[in-house]
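Undergrad: Got these off TrEMBL a minute ago, pasting:
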| type | residues | note |
| --- | --- | --- |
| DOMAIN | B:55-157 | domain 'Cytochrome c' |
| BINDING | B:C77, B:C80, B:H81 | heme c 1 binding site |
| DOMAIN | B:205-354 | domain 'Cytochrome c' |
| BINDING | B:C229, B:C232, B:H233 | heme c 2 binding site |
Amino acid sequence: MRPIIVISAFVALIAGWFVLNSGQNKATPITLTFHAQMGDEPLIYDQFIYENPGGQGQFRVRDFRFYLSNLSFGHGGETYAEPDSYHLLRFDNADSAHSITLPEVPLPSVETVRFLIGVDPAANTSIEARGDLDPNSQMAWNWEVGYKFVVFEGALQVGEDVSPLVYHVGFSENAREVEFSIPAEALADGKQEVNLIVDLAKLFDNAALIDMQALPSVKFNRTDADALADNYATMIAPTF
Amino acid sequence: MRWVVLILAAAGVAAAGWVVWDRVRGPTATPIADFSAPFVFGRFAVPPDNAMTQEAFTLGRHLFYDPILSGNNEVSCATCHVQELAFTDGLAKSPTLSGGELDFSSMSLANLLWGQERFFWDGRATSLEEQALMPIQHPEEMGQDIDALMEELRVSGSYRKMFRQAYGSVTPENTAKALATFMRLLISSNSKYDQYLRGEVRLTAQEEHGRKLFMAHPDTKVSLRGGNCIDCHSQFLTSGFRDALDGFSNNGLDSDETMPDGLMAVTGNPAHKGFFKVPTLRNIAVTAPYMHDGRFDTLEDVMDHYNDGIVVSDTLSPLILEADNAPEAGQGTVGLRMTPDEIQAIIAFLDTLTDEAFLTNPQFSNPIEGGS
């Protein structure tokens, strides 16, 4: 009789350890998928199909990309920050989309998501390659200035005239924080994906309305850069 | 006496066994032990199935310099890639076997571990392994049948041994891997600019002026003057960018009517028409003539092109079209509109990219006695 009690106790101990342990270490897989749109439609490159929001003519998009960094997730009072969290989001693919997958966020579930559009000051002034940061990439201005945060390049057509559009927004003060909550049902029943819309139209038509003819480029002028940063601050929103 | 005979016999068997074993065992390649890359060059990737080893480098170096690789046994890789010219040939376009000229200028081979992961001016090869066999088999470059080449290499005891030690057997795949390894290890990292980046030397005032111009996109709104080089040539590598197709651009050489297809021939995307690979500027002072077709003889000619000779086309980089140091509208020309002093400063900076140690490194030279 005695051995059975010992074995039973041992089995209960092991089972209990597994139950408790799995509860403590519960990890949540999550995928954030960003869909580039112009207004309500998927972004289309290289065609003069978009109206200059603040003036005459139509514009086309040759390039649109930005840094998303310092991604963190919250659950109750707990937060988890992704290490080396520097993602270059680009949308020149068939789906005009970009996904970030974390197979194991060490939280029981995810209630809030936070990130920066741009790069934090410490990383922005470093030449260390971390995440998607690469001082030899197109996103580097040079190491005295840091990275471009948001890049838009294209052209504006007014009548027969075609002129270049170059909007490069950087400078550490132009990083903008985005935070949103995830309703419980969105990640229930094995669902792992959160879809977000990146509305490029908001870069030019938001707090500030941009006439691309009057302002065909933004680079190192801090007032112009700040205006575009306030515009892109709200260009990303989740859809549930 | 019997013992002596037995011992000798055993030794003989052991020696014969070692010889047989040495021939049948797998490759004995040793990883390159002291390999280190400059921090500022950033990340690089070596294909997992082609680790960089001493034996692969040695084999690749022999193959690179051996005219046996060509159909007529007269042309080696080194015919068009000469070390002292940073592995270019000094010609606008390389000669064809039939006496004409190829479509493109011979590309410099330096720091290929970094930058674009597509090779040739139009990016038609997606790895150095894929690239390596293409000139060999091109009817106008080296004109060699790859199977015939394997037969020729297998006849050579020294090649059989070098292949055995590096990879195993003599195959086209292993030939490509060895050539790729040799090219990957052609690293130029001791120019004056590198020494400056390591804090070992100072640049002159003119070179420093040129460096600043190189790194700046001009912005008249904040009185920032720039040569705009960094929009295509990365700041430390000075090559094109690595991500996706970022390292290809239309830099305003031709009109829509006369423009060659470039990258569009590979991707089929009309937005890539006239795009060519942005080359490294390492050792640029010794790699004249310039551009994919060698149309410019000097760096002054190149700077003149960017300063006021840009030809506008539909796929021209907006960064080139938009970059202008003069606040007022141009009078019929498109370009940077820098001063002569600024142009000379940029050229002075470009001269700091020459790496004499690279151009004369004995490890990169012809290993075949008597030369070729």
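Backbone N, Cα and C atoms are what each Cβ position is placed from, and that goes for glycine too.
Curation does not apply to TrEMBL; its annotations are automatic.
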Undergrad: Roughly how many angstrom lie between the C-alpha atoms of B:C77 (heme c 1 binding site) and B:H233 (heme c 2 binding site)?
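TA: For B:C77 (heme c 1 binding site) versus B:H233 (heme c 2 binding site), the Cα atoms are 26 Å apart.
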Undergrad: Around the recorded heme c 2 site, report the further residues of that chain (criterion: Cβ within 8 Å of the mean position of the Cβ atoms of B:C229, B:C232, B:H233; site residues excluded), sequence-ordered.
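TA: The answer, listed by sequence position, is B:F214, B:N228, B:I230, B:D231, B:S234, B:T238, B:V278, B:L281.
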Undergrad: Looking only at the domain 'Cytochrome c' (B:205-354), what is the model's average confidence as pLDDT?
TA: 96
Undergrad: Same chain only, sequence gap of 6 or more: which residues have a CB within under 8 Å of the CB of B:C229 (heme c 2 binding site)?
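TA: The answer is B:L213, B:F214, B:M215, B:L281, B:I346.
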Undergrad: Expressed to the nearest Å, what is the distance separating B:C80 (heme c 1 binding site) and B:H233 (heme c 2 binding site) at their Cα atoms?
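TA: Pair distance, Cα basis, whole Å: 24 Å.
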Undergrad: Could you round the CA separation between B:H81 (heme c 1 binding site) and B:C232 (heme c 2 binding site) to a whole angstrom and send it over?
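TA: Pair distance, Cα basis, whole Å: 24 Å.
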Undergrad: Take the mean position of the Cβ atoms of B:C77, B:C80, B:H81, the recorded heme c 1 site. Which other residues of that chain put their Cβ within 8 Å of it?
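TA: Along the chain, the qualifying residues are B:F64, B:S76, B:A78, B:T79, B:V82, B:F87, B:D89, B:S106, B:L109, B:P135.
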Undergrad: Long-range same-chain neighbours of B:H233 (heme c 2 binding site), Cβ under 8 Å, sequence gap at least 6?
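TA: Sequence-distant Cβ neighbours: B:F214, B:S239, B:G240, B:V278, B:T280, B:L281.
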